[in-house]
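Presented below is the structure to which this report refers.
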Amino acid sequence: MFRGRVRHVHFVGIGGVGMSGLAEILRSLEFEVSGSDLKESSTTRRLTSLGVRIDIGHRAENVRGVDVVVYSSAIRPENPELTEARALGTPVIGRAEMLAELMRVKYGVAIAGSHGKTTTTSLVATVLRAAGLDPTVVVGGKMAALGTNARLGAGDLLVAEADESDGSFLRLTPTIAVVTNIDPEHLDHYGTHERIKDAFVEFAARVPFYGLAVLCLDHPHVQDLLPRIPRRHVTYGVSPQSDYSARGIQFRGLETSFNAYRRGEPLGGFTVKMPGAHNVLNCLATIAVADELEVPLDVTKQALATFGGVARRFTVVGSIGGVTMIDDYGHHPAEIRATIDAARRAFPGEDHRVVVAFQPHRHTRTRDLFDEFTRAFNQADVLLVTDIYAAGEPPIPGVTAERLVQSIREHGHHDARFIADKTDLPEALEKIARPGDVVIALGAGDVNACVRGLKARLEAKSPPQEGSS
């Protein structure tokens, strides 16, 4: 790799989920690792426990004496640490370039797509670990089985989530490339949907002549790309035209089962402890990757059946007084619809209402997908919307959460409410929730605190359980 010339790696924005994973991998490889972030978090505390020096706040002196500086897509070019590093002549690289360097010396499996990539990456990693292949894993969420989002493995494989948000995933050179779906997203970078599709074509084309692209046929924008993919590829989906397909899908509470087929050949029944039709697709992508890597079918089945999930992906926070509370990272209209649909399937019947607390993520996304957001919550009985989580972006005139709620009402939703202060959400939810309700916190910011706050409120007023002290 680059050992010898580089001994000390510094991460600007180390608390981010993608950055922290790379930092943990490099620390496991015995590099000296340091980093900075604007605030302390459970992630920074974990890294500190691993021997990573972390400074709170971005200051020029933080990068003096380091060999390379890695920055995330959230860091602005004028950041004082980047400015100082460039002045010192220290190499400054993006996160994707560092991930690409790790992948260069491995057999890379990269999972990209507008949605589902974190879960699919985690599923693939789980199956390959169960097969004894001991992959290195870098994923955009905390895997329950690992207790973290990254792990250095002894095997030749590297399984990574590929972030398409700024186009930097085109630096990766995977041997297997998965594309889960393509939606209008990150238009602040790409400008048009067609340019997004072009980027995914280039991503799939980066696999070598002996590699494989795994593509979701059910998604029309992915299907559009098939004639343009110059490499060997297979498709997956519920469609019978898919190379890897599913039939007989059944939803039983938080569990989903289906029968899988490979070009019409039955592969048997599969079960996963996650609700939602979208997770069937994530499993099919995993089955296709495992098949390419010659993982025995029974190993794949068992690994999927015991998969423990990923943090903030339909995570059940608790169930008190008949109220089930769920934390989900969904922040794009397609993800929102899929999560609400999964809740409807997991908790069917008239006795169950779906109550959603939503925090829009980024002003640009709210602006670019405003019309789609107005129709994304039709299946929610009650909707609470709080202010936009800026993620470092400046406000955009006329783009507000309050205006979004107004538009949602204008488009036919009968119970959409604006809660300006997110700290008021737990109290508002407590007043709304009744036995049988499913309360979902939706968003990529910090809205998940509201369901934990609701849980604390319900616990405080619920009668003590027998045998408790």
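Glycine too: its Cβ is placed from the backbone N, Cα and C atoms.
Positions annotated as ATP binding site by Swiss-Prot, on the basis of sequence analysis: G113, S114, H115, G116, K117, T118, T119.
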If you take the centroid of the Cβ atoms of G113, S114, H115, G116, K117, T118, T119, the listed ATP site, which other residues of that chain have their Cβ within 8 Å of it?
-> I111, T120, T180, N181, N282
By a simple count of other Cβ atoms within 10 Å, which of G113, G116, the binding-site residues in the record, is least packed?
-> G116
CB within-chain contacts under 8 A for K117 (ATP binding site), separation at least 6 = I111, G140, E161, A162, V178, T180
Counting Cβ atoms within 10 Å across all protein chains shown, which of the binding-site residues S114, H115, T118, T119 comes out on top?
-> T119
